[in-house]
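Asks: Annotations for this protein, taken from TrEMBL, read as follows:
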type	residues	note
BINDING	155, 208, 209, 210, 211, 212, 213, 214, 277	(6S)-NADPHX binding site
BINDING	248-252, 267-276	ATP binding site
DOMAIN	42-350	domain 'YjeF C-terminal'
């Protein structure tokens, strides 16, 4: 009897995994079942990796995240990413930005630790660039080993000197095995120079449709094929050496080159700017939690999964739930700030703190 029950359970688990990998026909009913199974798996992953609240823990153990981004034109994006990390449960959230952006970002919230260390080329002479580049790296190097995850790109801009410095920052983070989430203009940098993350399995790329198209064109030298989206994403992740890629869209597809996961829970039809920044900050926290979970003594089915994939699944399902709640209340006037305010409630509904 026990053997029979065990075989049935294994069969059920196999079917859920198969559905989440995208197998099966095109019938709407099967697609709906597949979506629900994958979304349920994402919620289970979030529950598994979310650390318990414990009075014996000290500041920093729930996550220390840093955002590298923010220039004189773009100050909202790094703020959205950094504050989202705190709203989810990270203990400390830093922003490394340009000197012009720092006072503005500081004014948004006293919760953030803001470092005005980055420089843009308009502000420096050619003969000073090498010295200033070294100074920027030295300043950030003092902090790198303290971080559980780095987010590169929100509000970064495309200034050539600034991007060059950020490329070196990424290389230094890689040398120290700091996980890196790359979004926004960080993806512009990666598309021009994939070697910055190639083979680094602690890297996560979170492209939207246009960023994904450019990445596919650069790496696979072809156009995006939506008919074989799962296989194409898996191949792209393999070609970049096993990085994890989350292709954002109606369904978020996630692959590390070995597996493909999908999160399809309905979020919000409002496409206000900044939701990708919430996602990058969220994924950074969940990736750090997933690494803690994977290195812990407990054993469950999630221990066999890549922590970066788990972080992406958790970040995706949480953002979609928060966006859905925000839209239900605000409708057409829904803003990114409304979604951020519902991250805590959404997390609590999926994984209660007590």
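The chain as shown is numbered from 1 upward.
Note: Cβ is positioned from N, Cα and C throughout, glycine not excepted.
No curator has checked TrEMBL annotations; they are predicted automatically.
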Asks: When you rank 272, 274, 276 by Cα distance to residue 209 ((6S)-NADPHX binding site), which of the binding-site residues ends up on top as the closest?
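Replies: Among 272, 274, 276, 276.
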Asks: For the domain 'YjeF C-terminal' (42-350), what is the mean per-residue pLDDT, to the nearest integer?
Replies: 96
Asks: Hey, which of the binding-site residues 213, 248, 250, 270 is the loneliest by Cβ count within 10 Å?
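Replies: Sparsest of the binding-site residues 213, 248, 250, 270 by Cβ contacts within 10 Å: 250.
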Asks: Who sits close to residue 211 ((6S)-NADPHX binding site): which same-chain residues at least 6 apart have their Cβ under 8 Å from its Cβ?
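Replies: Within the chain, residue 211 ((6S)-NADPHX binding site) has Cβ neighbours under 8 Å at 187, 188, 191.
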Asks: For a quick check of understanding: given the listed (6S)-NADPHX-binding residues 155, 208, 209, 210, 211, 212, 213, 214, 277, what is the maximum Cα-Cα distance in angstrom, as an integer?
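Replies: Those residues reach a largest Cα separation of 20 Å.
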Asks: Return the residues near residue 272 (ATP binding site), defined as same-chain residues 6+ apart in sequence whose C-beta is under 8 angstroms from its C-beta, sorted by sequence, else 'none'.
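Replies: In sequence order, 334, 335, 336 meet the Cβ cut-off.
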Asks: I need the nearest neighbour of residue 155 ((6S)-NADPHX binding site) among the binding-site residues 248, 252, 268, 274, using C-alpha distances.
Replies: 274
Asks: Round to a whole number and give the Cα-to-Cα distance in Å for the pair residue 250 (ATP binding site) and residue 213 ((6S)-NADPHX binding site).
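Replies: With distance taken Cα to Cα, residue 213 ((6S)-NADPHX binding site) is 16 Å from residue 250 (ATP binding site).
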